[in-house]
Amino acid sequence: MTALHSVSKTPAIKEEEEDGDERDGRGVPLGPRNHDYRGRKGDEESGADTVTSPITFEKKKIAPRASTHSEQSILSSISLKSMVNQHRQQQLQQESSTGAGTGFVDRKQQIQSPAMVSILRKNSAEENVRSSHSSKLGEGQIDGRKASASKEIGKTLPFTDDQRSNPELDPTNSVVDVSRGKNTKSKTVFNELEDDADDDDEVRQKNLTTQALRKLSSFKMNASSNLRLSKENKAKESSSSSTSSVSSSSTSKVENIVDKLTTTNSSSMSQLRFGNTNVIIDSVNHAAKPPHQQMLRKPSLEFLPQPASSTNLNFNSNKHKSNVRQISNPKKPLYIPAVLRKVSETNITNDDLLNATLSSYYKKASNLEHGFNPSKSQSASVQNANNLRIISSQSSVQSNTSSILESYKNKISSYLFPNSIPNSDRINLIPTISNRNSARVNPPTKDHWIPDSKRNSCRYCHKPFTLWERKHHCRHCGDIFCQDHLRHWLYLDSQANFIMINELNNGGINGGGTLCKICDDCLVEYENLSTTNHNANTNEDNINVEEGEDDDNDNRKKLRNYYKNRQMNALFRPKKGGSSQEHATVDRDTTTPIQVKSNDEEADNENTGGEQEEGNDVLGSVIGSVPANWNWSSF
């Protein structure tokens, strides 16, 4: 059965191929021939029921692919590109003759917009290649389509000639159905274009052609006007360069011409398409412009960012600077040690410290004297303790200001070079205390001083004087001592007499005093005098309730008499180290200070014994043994 089937199929297929070739030659449309084949071979198929219907194949003639562009678009592109190429060649020749050499764009425009120059050069190269290629392709298509001259410009749409892209518009397209059943038949479907769609396409194509022709005409007019104006400008520039001075009328004419050039250039703007964006560029012709206008000219590219105004930049920068904190601001530490602090911040001088120290010292001493009165309350003792604290603190402040070092320097210089410092300056070096209303107090007199040649050793310890152990005069007695036995300081007036505490508070006998060095013997004498004065004051306080203030005047008179007697008998004072006979003679002649005691006072002294004297001695030693400027750093 397989052999018969293969033999029976072979002549039928051959016959159908021959019939198809004949129909193709006569121009008859192709169609299936299944019914003819079935009519002739019906007996054979009826005899063999198992044999299926044969598969038929039809040949389809494929039409050649049409071009992607319409004839109208090809012609318009050829005409436009040819005109552009001619115009560019003319401009290149003019620039080469004038020596510009930049190509397409001025030098200042190249500096302002280098991206514009690169775009123009790239576009010119691409357009030249495209124009040459399109011209060749257009000529070949025109020669190939001369046979079918029935078509007119604008009647065919671009991208619609390809029959394969839209299968519904192809009249030769047919659908073949393959059937394996006995009663299946193939049918062909023919679709034709509608008349309304054809009319709309013709109207659109006509509008496109008219727009292309208008662009061509406007471009030709602009090119001719630009060439004419550029020639006129070159002629005027050459004439203006030959002449040395140009009148105001000529400058106005040149400005008018420049305005015309700008208007024509602005009208002759063209658009270039890069991808999906349209970029507006100036025309290729760039007429000569004055330098001030060329500096003001800016590139007209839409995609180039415009620089912001300078005022806005300055405002933003100033605003930014105001908000930023400076790094170099001076910083002050939270705490400054006492050593690093400036003395000027306290506004305290050395004189202020000295006066405060001395005044507080004598206030303390006077308070201690009045503190022995049993009628006083406990507030006096508290005040005395506070005064002692003030004295110690002020003494330490005085040492920090280095006043002691300065005083020692002045003293050393005065001892080594006594004639170098005048008496007026030497007086100023000695610290004094005086009333506010009184003049400066003169230093103690030196008339009672013993000459240096009279003693070769200390009067108290007999230590010989050498280069290292120097001689020191006591300002009160005038004798010569070593440094170890001349270390006390007390106030003396101009006659080298002691100034007591009460007198110092009242301004002193002579209106003030000077702080001077005294020996140990003079200190004992001062203590005895202070204790005597204290006893007299305490007794007078008890009597003043009845007698009044008459006793105060008596005490002052007694003190004055004491000083007069002391001055008279200063030469007859006994000296340590002398013989017993000398002491005896001196004791006979010397006078002691007058001590006035009442009967009640003598009785009190007899009852109490030596307890009160011991207490007074302790008080006197405390007052006189510590110098006024003593502090912890003087060891």
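Along the chain as shown, the residues are counted starting at 1.
Just so it is clear, glycine is given a Cβ too, placed from its N, Cα and C backbone atoms.
As the structure is a computational prediction, the values presented were derived from the model and not from experiment.
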Per Swiss-Prot, the candidate from S76, S82, S174, S393 carrying the annotation phosphoserine:
S174
If you check Swiss-Prot, which stretch out of 492-507, 508-523, 620-635 is marked region 'May be required for TORC1 activation'?
620-635
Among S179, S309, S457, can you tell me which residue Swiss-Prot lists with the annotation phosphoserine?
S309
Selected residue, Swiss-Prot feature phosphoserine, from candidates S46, S250, S530:
S46
Look through S67, S73, S150 and state which residue has the annotation phosphoserine in Swiss-Prot.
S73
Inside 10 Å of the Cβ of S73 (phosphoserine), count up the other Cβ atoms and send me the figure.
16
